[in-house]
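Peer 1: What TrEMBL records for this protein is below:
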type	residues	note
ACT_SITE	GLU88	active site, proton acceptor
BINDING	GLY13, SER14, MET15, PHE16, SER17, GLY18, LYS19, THR20, ASP87, GLU88, VAL89, GLN90	ATP binding site
BINDING	CYS147, CYS150, CYS179, CYS182	Zn(2+) binding site
BINDING	VAL167, VAL168, ILE169, GLY170, TYR175	substrate binding site
Amino acid sequence: MHQYKGKLIIHTGSMFSGKTSSLEKDLNRFVIAGYNTMAFKPSVDTRYDTSEIKTHDNISLQAILVDSIDDIMEHYNREQPNVIGIDEVQFLKGKADAIVSNINQLLAEDVTVILAGLDMDFTGHAFEVVKELMPIADYLYKHHAVCVKCGTDAWVSHRKIKDKERVVIGASKEYEPLCRRCFLEEKIKEEDIVNKNQVSFDL
Ligand SMILES: Nc1ncnc2c1ncn2[C@@H]1O[C@H](COP(=O)(O)OP(=O)(O)O)[C@@H](O)[C@H]1O
Ligand SMILES: Cc1cn([C@H]2C[C@H](O)[C@@H](COP(=O)(O)O)O2)c(=O)[nH]c1=O
Ligand SMILES: [Zn+2]
């Protein structure tokens, strides 16, 4: 029993690509196999019921709200689960190398860690912690949503609203998955609008 030990499994990709669904499926399989599992999510994501992780198609699983990897380590030290799942890992507070080193500690203690998180923000830049974690994964899955403009595999989460801060919690009202080509087309359109507004302002 419990032969699956100390593995790092990462589900990444854009929004709507199935990261959380895959985390939920993996955790369920470990429950069926008799492992003690715990799921966590950063408290910054307040979209849904506080103690639940929910997928975009409304599958939910119980989770503990945390701010940082230190909170997760405290729970781990108290409960000693064999498997830890973390959703939205890009939102854990703290420095990327501190998160990586704590995750390495869990792996060294034979805990299997399953992470779900965005590889890139709405501008197409990497989330630092996911970038640091990807190379050390035992199993790395890059998932793809369907590009809502052309139907090919999406590459990035395009923000449909004007906010420019990095963290803006939302779903399909605020974001849409786009392939690289459709994303670049949107950026050109957005720049044109900015330039046109600038010209009319200048006149
Ligand atoms: N454009 C899209 N491409 C793929 N799935 C989509 C899309 N829009 C909505 N969905 C739904 O999102 C679900 C995946 O949700 P979820 O696992 O929460 O993704 P993620 O955690 O990557 O944001 C899919 O099973 C599907 O029902
Ligand atoms: C791209 C991007 C996303 N977010 C937010 C939007 C959602 O609340 C989550 C991602 O959830 P999902 O389960 O992956 O669909 O992150 C953000 O704050 N900033 C961004 O650049
Ligand atoms: Zn496209």
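Glycine residues also receive a Cβ, built from the backbone N, Cα and C atoms like all the rest.
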Peer 1: Out of these binding-site residues, MET15, VAL89, CYS147, VAL167, which one has the fewest other C-beta atoms within 10 Å of its own C-beta?
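Peer 2: Taking MET15, VAL89, CYS147, VAL167 as the binding-site residues, the minimal 10 Å Cβ count falls on VAL167.
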Peer 1: Compared by Cα position, which of the binding-site residues LYS19, ILE169, TYR175 is the closest one to CYS147 (Zn(2+) binding site)?
Peer 2: TYR175
Peer 1: Specify the nearest of the binding-site residues CYS150, VAL168, ILE169, TYR175 to ASP87 (ATP binding site), where nearness means the distance between Cα atoms.
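Peer 2: Among CYS150, VAL168, ILE169, TYR175, ILE169.
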Peer 1: Do any of the binding-site residues SER17, VAL167, VAL168, ILE169, CYS182 touch ligand 2, in the sense that the CB is under 6 Å from one of its atoms?
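Peer 2: Going through SER17, VAL167, VAL168, ILE169, CYS182 in sequence order, those close to ligand 2 turn out to be VAL167, VAL168, ILE169.
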Peer 1: Secondary structure at CYS182 (Zn(2+) binding site) (DSSP, helix/strand/coil)?
Peer 2: helix
Peer 1: List only the single closest residue to MET15 (ATP binding site), chosen from the binding-site residues CYS150, CYS179, CYS182 by CA-CA distance.
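Peer 2: Checking each of CYS150, CYS179, CYS182 against MET15 (ATP binding site), the shortest Cα distance is to CYS179.
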Peer 1: Measuring Cα to Cα, how many Å separate GLU88 (active site, proton acceptor) from GLY170 (substrate binding site)?
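Peer 2: A Cα-Cα distance of 13 Å.
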Peer 1: Checking proximity to ligand 1 here: which binding-site residues out of MET15, TYR175, CYS179 have their Cβ closer than 6 Å to it?
Peer 2: MET15
Peer 1: Work through the binding-site residues one by one (ILE169, TYR175, CYS179) and point out the residue whose CB has the fewest other CB atoms within 10 angstroms.
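Peer 2: Looking at the binding-site residues ILE169, TYR175, CYS179, the Cβ with the fewest others within 10 Å is that of ILE169.
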Peer 1: Compute the mean position of the Cβ atoms of VAL167, VAL168, ILE169, GLY170, TYR175, which form the recorded substrate site, and then list in sequence order the other residues of that chain whose Cβ is within 8 Å of it.
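Peer 2: So the additional residues around the site are ARG159, ASP163, GLU174.
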